[in-house]
Every structure is written in structure tokens, then in C-alpha cells.
Amino acid sequence: MTQEFAHLSVLLTETVAGLNIKPEGIYIDGTFGRGGHSREVLKQLGPNGRLIAIDRDPQAIAAAEQFADDARFSIVHGGFGQLAQYVDDLGLRGKIDGILFDFGVSSPQLDDAERGFSFLRDGPLDMRMDNSQGETAAEWLARAEIEDMAWVFKTYGEEKNARHIARCIAADRDKTPFLRTKELADLIARVSKSKERNKHPATRVFQAIRIYINSELEQIDQALEGAVTVLAPQGRLSVISFHSLEDRMVKRFIRRHSQGESVPHGLPLTEAEINKTRLLKAVGKAIKPSAEEIDRNARARSSVLRVAERLDY
């Protein structure tokens, strides 16, 4: 029997409000997870509205069965980085009224030791979002060069002791390969020089490996760039990020498309022509969870919501 793991959607009300739901609109939940945001969107859609969900986790696809009887809902098994292609396959480019992304690992993924995401629960060192394909964390750690590991830990985990930890992993794996999350977490805790308060020494390395194994930042970049091309005029984009790497990407993306393309000085272009290169405008300021939400769900603490709107020129 499959064990169920609870998931509380972060910034639920604020994220869906950011979409400015039209009852007859077409919306995309780019990170279905366990369906919390999708459920709220469906509550606000009318009988002719439509919601398309995307997720690459087979367990999320199974969870979507809860909406099997709702004709307004459909789900695609795949990565959100291919969002624009899925929209084109459906013939809906330029007709999407809103897209939401909730980046990061869901509570069910973290809480299920068999998925291998958590350094607090012993399980196979997997970390794949889609555990039906691709290289596992254990397989990568077994073959990666010290320089490659150090680069991943530094770039994706912002780990200050990246090279030292990479050397220690390489030395230990020559004796016994790392196959379990606890083995890796214990090694990092033993050799790490980190003194961050209230943060496990393995936090940054586990984050880095997960991001690398799943090509998360590349997927996010593709998803955001694809989203802006498929939105209808006045279509909304609600994006939740969970760590500084993600949030910087989202912030820069919105800023870049809000400013438009830089035009060489002296070109005979009108202001209206220059404005046509501006594709988005930011809606309000970044939103963080309330103290009450953090009390209910400690994992919401680091989340940030940013909302943007597709311009119509």
C-alpha cells in the first residue's frame, strides 16, 4: 500500500489571487504537486473555464486522479520547462489567461524517505523529480570528478566549503559508495566547517545535488521564457520561489521583460515602437508568507511570490 504524505500549498490565496481569475479563462498550473493550487483555481473557474496542469513526478500524476471527473481539468506528464511546447500542441498560444509556478520540492517528496530528497530521513540516494528516468544522485556521486562536485555545491548550493566537502566525498566513496541519504548527510556533518544557526550542515549540498540532477534552474529559465510567449494580453504569471537562486532568476526575468530591449542611441524609433519590446509589468511587490502561515507550515518560511502581467501593445 502506498503511504500518503500531506502537503500544504504555500501562499495559496495570494498566488491564485495574483492570477486574477476569469471564470471562462484558460489557466496553467505548471507545478501540480498534490493539486492544492489547482483545486483553488478550479473553485473560481466557471463551467467553461479550463485548467491545464503539468508535473514530471509520477506520484503527482497519480494524485491528479482526484480531478478525473472534472471536464475542465487535464494534466500533462512532463517538465514545466516544455510548457510552451505543450501549449503549442494544444493550439493555445496567446490564449492563456494565467500561469502559476510553485518551484521547489513538495512536502510529500521530502517526507517520503524513498524519494531520497531529505537529509533528515534515511532512504536511497535518488533525488529525481521523475524517478522513472535519469541518473540518480548516488550514480552521479559515484562518477563525478572533485572539481565537478565542488562546482555544483558552490553554484547551486552556495556552499562555502564546497571543495573541502567534495574531496571528502571522493575519499570516502573509494572505500564505500554512497547509496543512502544518511550516509551522505553524516559525512557532510562530520567534515563541514559550517556554523550556520538552525541549518543542518548538509542543507546546501543536498539542495545543490537536487538542482543539478533535475536541471532545475535550466527548467525554470525555459519555463519563464516560454510562459511570456504563450500568455494572452493581460494574462498573469504567479511564481513562488524558495531559495535565493530561484528568486533572483524570477526577479531578473520580470525586470528584463519590463524594461524591454535596449536600443542603440540614435536609432529613429518612436517611444511606442520601443515600448513594444516590453512584454511584462510587475504587479505589486514581492509577497512573503504571514507569521500565521509560517506557524502552520514552517516550510513556507523562505517562500517568495512575484506576480507579473503580460502587456498588450
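Cβ from N, Cα, C; glycine included.
Annotation source Swiss-Prot lists S-adenosyl-L-methionine binding site at G35, G36, H37, D55, F80, D102, Q109. Under 8 Å, Cβ to Cβ, and six or more positions away along its own chain, D102 (S-adenosyl-L-methionine binding site) finds S9, V10, T15, T31, G33, H37, I240.
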> Using a 10 Å radius around each Cβ and counting other Cβ atoms from all shown chains, which of the binding-site residues G35, G36 yields the largest count?
Replying inline: G35
>> Give me the long-range Cβ neighbours of F80 (S-adenosyl-L-methionine binding site): same chain, 6+ apart, Cβ under 8 Å, in sequence order.
In response: G30, T31, I54, D55, R56, F101, Q219, A223
